[in-house]
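Everything below concerns the one structure shown next.
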Amino acid sequence: MAEAIFKALLLVIATTAFATTEAALGQRVPCYFVFGDSVFDNGNNNVLNTSAKVNYSPYGIDFARGPTGRFSNGRNIPDIIAELMRFSDYIPPFTGASPEQAHIGINYASGGGGIREETSQHLGEIISFKKQIKNHRSMIMTAKVPEEKLNKCLYTINIGSNDYLNNYFMPAPYMTNKKFSFDEYADSLIRSYRSYLKSLYVLGARKVAVFGVSKLGCTPRMIASHGGGNGCAAEVNKAVEPFNKNLKALVYEFNRDFADAKFTFVDIFSGQSPFAFFMLGFRVTDKSCCTVKPGEELCATNEPVCPVQRRYVYWDNVHSTEAANMVVAKAAYAGLITSPYSLSWLARL
């Protein structure tokens with residue numbers, strides 16, 4: 001715990017150095033591809049028949065382009081990573097991108113997306129991890145992106161949260177919590193993850209950052225439904241731990257088996273501490289900044305929001321504020337929460 005807090009404080013000290021150093025280097029990687037769920041989605045769900053879309057106010061209240069489908073008040077983690085990699089613009093969503101954009105980068109992430117195909121099906125149309133990879137294959141082949149270029153691109157993946165939030169801990173219409181123990185479910189997810197990660201490798205991915213699942217039991221949603229009035233829902237966090245442990249092991253397995261590639265694990269879970277958040281300027285860690293109606297997860301349309309967004313960790317009942325996204329993105333870039341490589345080191349390869 002002390003180490004995590006110390007690393008978080010180091011992040012604050014290091015932040016101002018990044019902008020100056022990176023400005024002189026120019027774009028760090030030739031292209032950047034994003035896969036995942038609502039934490040990374042920047043508009044793909046806008047055109048889908050789904051309740052998992054946020055192209056309305058107050059989402060985007062602190063984003064220059066307003067509501068775009070990002071599940072936050074401002075920039076999400078891939079946006080900030082794109083800035084740190086010195087891209088001239090944010091990586092566009094797949095649903096609005098031409099094949100030619102595959103030469104620069106595409107965001108395939110979809111709110112509600114999961115490792116399991118049935119995850120989040122009660123929300124409507126969702127682009128699963130498997131389908132995101134299929135879309136990526138189609139785009140890079142249509143655009144005829146050279147393999148040597150794909151080998152130099154950055155790939156970030158954030159997937160798995162919905163397999164717990166909108167599957168395992170939501171019994172109806174799902175039955176996974178009846179079929180699997182915590183360890184068995186994690187093993188099942190990792191088996192699929194291994195296959196999908198191998199597919200990305202075959203498609204040219206050689207610089208890959210795999211984000212673990214955060215402390216879902218500390219989200220306002222799970223505190224309300226599983227917390228029992230005593231803070232974070234310990235059972236939910238306990239369920240996630242074997243997944244993160246196995247995912248980190250998978251990263252090391254791939255580094256061992258594929259010597260021409262570098263994979264790194266981004267450990268969000270271990271770095272989440274109320275005290276560390278407090279030391280970074282956050283004052284509210286268990287409530288949403290925006291107005292969320294009882295039993296709901298997303299912000300209510302055009303309802304009041306908290307006066308100082310940067311003091312809140314959570315924007316709605318699940319998703320982080322831009323300020324919290326900034327902490328995660330810069331910590332991953334600097335290597336404060338990654339193993340074995342920082343994102344900045346991956347970019348230099």
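From the backbone N, Cα and C atoms, a Cβ is placed for every residue, glycine too.
Residues or ranges marked as signal peptide in Swiss-Prot (evidence: sequence analysis): 1-23.
Under the heading active site, nucleophile, Swiss-Prot lists Ser38. According to DSSP, Ser38 (active site, nucleophile) sits in a coil region rather than a helix or strand.
Listed in sequence order, Gly124, Glu125 are the same-chain residues at least 6 apart in sequence whose CB falls under 8 Å from the CB of Asn49 (N-linked glycosylation site). Annotated N-linked glycosylation site per Swiss-Prot: Asn49, in sequence order, evidence recorded as sequence analysis.
As annotated by Swiss-Prot, active site applies to Asp316 (among others), with the evidence given as similarity to another entry. A 10 Å cutoff on Cβ-Cβ distances gives Asp316 (active site) a total of 28 other Cβ atoms nearby, all chains included. When secondary structure is read from DSSP and collapsed to three states, Asp316 (active site) falls in the coil class.
As annotated by Swiss-Prot, active site applies to His319 (among others), with the evidence given as similarity to another entry. Note on His319 (active site): other Cβ atoms within 10 Å of its Cβ, all shown chains, come to 28.
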Spatial neighbours of Ser38 (active site, nucleophile) that are distant in sequence (at least 6 apart) but have CB under 8 A | Asn45, Ala52, Phe71, Ala109, Ser110, Gly111, Gly112, Gly113, Asn162, Val318, His319
